[in-house]
Amino acid sequence: MNRTGALYIYELKKILHRRMVWIACAVTLALCAGISLSNLLGASYITDDGEEISGYEMMKMSREYARDLSGRAIDNILLSEMQEAEGKEEESADKYAAVYSYVQKITGDSKEALTADEAALYSARRNNLTRIWREQMLTDGEITYWLGKEKEIETPFIYAYADGWADVFDNIYALNFMLLLLIAVCLSNVFSMEHVRRTDQLILCTRCGRKNLYHAKILAGITFGMILAVLLFSVSVITSILIYGSDGFYAALQAVLPLSSRPVSVGRAVMTLFVLFIIVSILYSIATMFLSECLKNSAGVMGVLAGGMVFTMLVDIPYWLRIPSQLYDLLPTTLLIKWQLWDDRLLSVLGKHLTNYQSAAIAYTVMSVLLAAAGGKLYQKYQVNAR
Amino acid sequence: MELIIDRVSKQYQNKIAVDRISLKLYKGVYGLLGANGAGKTTLMRMICGVLKPTSGTITFQGFDASTEEYRSNLGYLPQDFGYYPDFTGMDFLLYLAALKGLPKPQAKRRAQELVKAVSLQEAAGKKIKTYSGGMKQRLGIAQALINAPRILILDEPTAGLDPKERVRFRNLIRELGKESIVLLSTHIVSDIEHIADTVLIMNEGQLIFQGSWDGSRKDLEEFYLQQFEEVEDE
C-alpha cells in the first residue's frame, strides 16, 4: 500500500520538531516586520514652524498631502501648481512634495523638475527609456516590443499615492535573502539527518523507503518553503499597509515606477512578485534538499547557500556583456530587486518574447524539476557503506 | 520460502569484505558468528538491499534484493540503529509501518501488539530521547517486526539487553523462526547456542562453517574458537 500521504505528514513533523526551525522563523519574521518600521523609527524632521516631529508623524503628514493629489493627471495644470508651490518654500510646497519627487524620478534632475511642462516631462521619460534600452543593449526586436507596450500605457500619468506597495517593492530584495537563509537553516538537514543519525539503513530497506519517501520528503520541504514564503511576504505586505496604507493597488505601475514600460497595475506587479517569490521558494527548497543529499552535511549546505548569496550580492556583470549579464540577472538572488521591473531585456523563444519574470518563472520551474530528479537518482542509488 | 544468496561478493578498493558467499536460507533461525571485520554486517546489509554486491545475486521468491517486492518481506535491525529523538516510541513504530506500506489500522494494531511484546507499553508515548539503551534496542526489535517480515535480519540484536530481556528475546526469535527466515549475528555465542537451528561462521569475508547445531554436541564457543585456530593454522 502506498502511504506517501502519511510519510509526508511525518516528514513535516520531522522538520517542525527542530527547535532551531522555530527560533529562526520567529527571528526572521520579526526582522521582516521591522524592515518597514526601521525607515521611520530613526528619523526625525523639523517642520516649517521649527517643531521637531518623528519620522512616523512626517510620513503621516506627507501621506495626507499625497492622498489629496491622488487621481489627478500629471499634466500642465498639476505641474504648474507643483512648480509654483515648490518655489514658495512654505507649507504649500510640502503639499506638492510627492508630485515633485515623482517628477524628479522621471527627469532625474531637480532643476528640470521645477521647469518641465507636460511635453518636456514625457519627452524626458522617453529619453531616459531610450538611454536605458541602449545601456541594456536591446535589439531592434526588443525595442519594438517595448514601444508596443508603451502604447498601452496612458499618458498623462495619473498620480496615485501607493507608498504601501512601493515599500513592498523596496523590501523584496531583503525578503528574498531572508527566505534563502531561512530555508537553508530549516531544510538543510532533511536528507543529511538520515545519514548522520544512521536512520538511512532502516529507511532504505523498507518498501516505500526509496521512492515514496523521497517524494514525501521533497513535497514536505516544498510545502514548508512555500509556507515560509507566504508568511514572509504576508508579514511584509501587512506591515507596509498598516504603516503606509493600501492606496494605489489599482493604479498604473508607472505611478510607483515611472520608468517601467510594463502596462500593468501596481497590484498586478505585486501579485507577480508574490507568485515569483513562491516559485523561488520552491527552487530554494529543492536546491537545499538536493545539496543536503549530495553533501550529507547540513553545515556544508548552509555554507554553500550563504556563500552563493554573498557572491551574488558582491558581484555584478555589466550590461555590455549582454548574454552573461542577462543570465546572471535571472538568478533568483539577483532577480527579485525593484529595478528588475525596468530590466527590459527579453528572451526570445520560438519567436515569442518573454520578459525577465516570465523566463525566470519557466527556468526556475525547469531547474526545480531537474534538481528534484537528480536528487532522486542520488538518493535511490545511495549505498550504506561502512562508516 | 527460499532466500538465495548466490556467489555474493563485496569488494572495496583494496579489501574484499565478502568473498563469494553462496547460501540458501529457509524458514528457521540462522546464527551468524564471526570476529569484528569478518564481513557479517556487510553481508547483512547486502541481504537487506542497502548495499549493492560487487557481484552475485540475492533473491527471495524470485525477487531481487533491489526490488520493492523483496523489501516488503524484510525486517532489519542494524547494529548501529538510528532513531528520531523527538519522536515518541509509538510515532516511530507508526512511521516505520508507513514506510513498510502497512495500512493505518493494521499499523496501529501491530504497533500496539509489539510495544506489549517488547515491554514498552508505558514508554510508548514518551520521546525516544528519554529511553535507556535497552529500551531503544527493544524499540529497534519492534520496528523490525512491524510488518511481520518473512526475512528478519538482526545485527547484534541482544546488545544492550539485560539478562531477563535477552531470555524474552530468545523466545520471541524462536517463535518467529517457525514462520520466517531469521538471520541474526552476535558476539554472544550462547545466544546462538540456544536459538539457532543453523550456525554460520564467517572469517575474512568467507563462510568457513555452515551446519546445524544441537545441544548434544560439544560447546559452541569452543567449536567457534576452534574454527579460527584451524583457519590460522592453514
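Note that Cβ sites are derived from N, Cα and C of the backbone, with glycine treated the same way.
Look at TrEMBL and you will find A:21-46, A:172-191, A:218-245, A:265-287, A:299-321, A:361-379 tagged as transmembrane segment.
Against the transmembrane segment (A:265-287), stretch A:218-245 shows more Cβ pairs under 8 Å than any other of A:21-46, A:218-245, A:361-379.
Pairs of Cβ atoms less than 8 Å apart link the transmembrane segment (A:21-46) most often to A:218-245, out of A:218-245, A:299-321, A:361-379. Panel annotation: around the transmembrane segment (A:361-379), residues 191, 210, 214, 218, 275-276, 279-280, 282-283, 286-287, 289-290, 293-294, 330, 332, 354 of the same chain, lying at least six beyond its termini, place a Cβ under 8 Å from a Cβ of the stretch.
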